[in-house]
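Trainee: I have a structure here, written as structure tokens, and I will follow up with some questions on it.
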């Protein structure tokens with residue numbers, strides 16, 4: 001009978017525990033995985049101290065230094081050797097949408113084949129010359145016929161196919177060289193051009209001539225973004241195969257770049273402002289100020305004769321020296337930007353202002369009057385990327401599931417909310433006060449303003465933790481390393497002191513018996529020792545006055 005009672009008691013306890021579990025996480029999470037925020041009682045919640053950024057994954061493609069890694073306006077980020085000569089070549093990993101090269105004072109397009117044979121230099125452009133087998137310009141359809149037996153190449157999208165095609169050709173017979181030609185893809189007619197000239201800018205009287213009469217002089221050219229280039233994309237041998245998803249190819253509508261600061265996307269404190277009538281002009285500005293591998297000391301104005309003349313008149317030796325040995329020709333001036341520059345911009349459609357900055361953004365601010373763009377982005381105003389309105393609610397739900405998965409097992413019914421204070425669902429904020437709705441937002445976002453922020457943004461756009469909270473975010477590993485370093489340093493100091501004491505205690509004193517030094521006794525090391533040694537009489541004779549006089553004393557021989 002007792003056994004039956006025990007079984008009944010155990011079953012009752014099991015059912016009670018099972019009931020408690022069902023009242024936990026399962027109650028607030030639906031079968032499809034959605035969190036029922038309205039069922040969470042505020043008295044059973046608390047705020048996590050963990051600093052997270054819901055934009056981290058989304059903003060990876062806007063880290064231009066990482067995803068592109070080279071110059072944008074001028075890309076010469078890699079070195080290649082051809083026949084014992086070093087050359088600089090483009091190496092960016094993302095396409096530069098809308099980038100073209102303008103030949104100064106010329107109606108010739110840079111996509112025209114370079115001049116060969118009896119042609120005048122100014123009759124040609126920068127593209128590959130005619131070859132026995134046509135390789136440029138070539139349509140995508142013809143490229144697919146050319147590589148019909150190579151499935152891995154045919155699997156590429158049109159732009160990647162163009163870049164891959166250009167990378168197959170090397171100069172002359174240098175099969176082992178890393179030198180590869182850049183390419184341009186024109187999406188309007190699906191045509192691929194291989195550029196014969198890797199340079200993207202050639203300016204200044206030393207290097208080129210803008211005079212139309214100088215038909216056989218090198219012409220001047222410069223990279224630009226303008227409306228006639230909107231269908232073009234500048235490509236290199238390093239183009240990423242996943243460029244469609246990993247590069248910032250489009251501008252973002254109803255958005256501006258910002259910096260994530262403890263639960264909220266904040267505006268940049270430091271930025272440059274330009275007046276622009278259109279998004280196209282803003283895109284041109286950020287392109288012109290973007291990362292560039294062009295030599296910084298590039299002379300664009302004075303001719304050598306003018307420099308010498310002015311140097312003599314002004315008695316300026318520096319100008320004369322620059323004429324004889326031009327600046328920008330030194331190895332140290334061969335800049336590699338690695339993608340660092342003013343690569344991002346926010347365009348205000350209402351005030352017609354363009355804000356550019358060189359600090360990578362870590363989030364987006366939803367604003368109906370703005371468009372966020374980059375130096376890599378397309379010039380086309382549509383289609384643009386849409387603002388992800390559900391990003392905050394999704395991240396809040398995800399964090400609640402992760403942070404509270406074991407809460408019932410630990411006997412704790414309190415639900416933790418992440419440090420995200422903006423969402424299109426105000427119930428998901430768990431705000432202790434009434435959230436404020438943003439009027440400029442197209443997503444109808446709500447913001448919780450009554451929770452103290454643990455971070456702030458400095459004047460240089462750096463995100464820092466407030467002093468009163470720093471101790472909570474110091475890494476235990478760093479603290480442990482600091483303790484280990486202090487212990488090692490203390491041990492080294494103690495060891496040094498012990499070694500010093502040991503040698504000092506064993507050092508001969510002033511009254512050391514010199515007779516113990518049998519090999520050196522009587523063989524003074526200096527004339528001074530021989531003449532002034534007061535111990536000259538220590539072998540039994542009385543001291544005499546001569547021990548203070550400069551006379552040579554010797555030990556008698558036994």
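Cβ atoms here come from the backbone N, Cα and C positions, even for glycine.
Positions annotated as N-linked glycosylation site by Swiss-Prot: 20, 189, 231, 249, 276, 288, 412. Residues or ranges marked as signal peptide by Swiss-Prot on the basis of sequence analysis: 1-21. Here Swiss-Prot flags 22-480 as topological domain 'Extracellular', drawing on sequence analysis. According to Swiss-Prot, the topological domain 'Cytoplasmic' annotation covers 504-558.
Quick one: how deep are these features, and who are their neighbours?
Mentor: Around the Cβ of residue 189 (N-linked glycosylation site), the same chain contributes 139, each under 8 angstroms and 6 or more positions distant in sequence.
Around the Cβ of residue 231 (N-linked glycosylation site), a 10 Å sphere holds 18 further Cβ atoms from the protein chains shown.
The Cβ neighbour count for residue 249 (N-linked glycosylation site), using a 10 Å radius and every protein chain shown, is 20.
For residue 276 (N-linked glycosylation site), the number of other Cβ atoms no farther than 10 Å from its own Cβ, over all displayed protein chains, is 19.
There are 17 other CB atoms within 10 A of the CB of residue 288 (N-linked glycosylation site), with all protein chains counted.
Looking at the topological domain 'Extracellular' (22-480) alone, the prediction's average pLDDT is 88.
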Trainee: Spatially, which candidate from the glycosylation sites 231, 276, 288 is nearest to residue 249 (N-linked glycosylation site), comparing Cα atoms?
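Mentor: Among 231, 276, 288, 231.
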Trainee: Whole-number answer please: how many Å between the C-alpha atoms of residue 288 (N-linked glycosylation site) and residue 276 (N-linked glycosylation site)?
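Mentor: For residue 288 (N-linked glycosylation site) versus residue 276 (N-linked glycosylation site), the Cα atoms are 14 Å apart.
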Trainee: Which secondary structure state does DSSP assign to residue 249 (N-linked glycosylation site), in the simple three-class scheme?
Mentor: coil
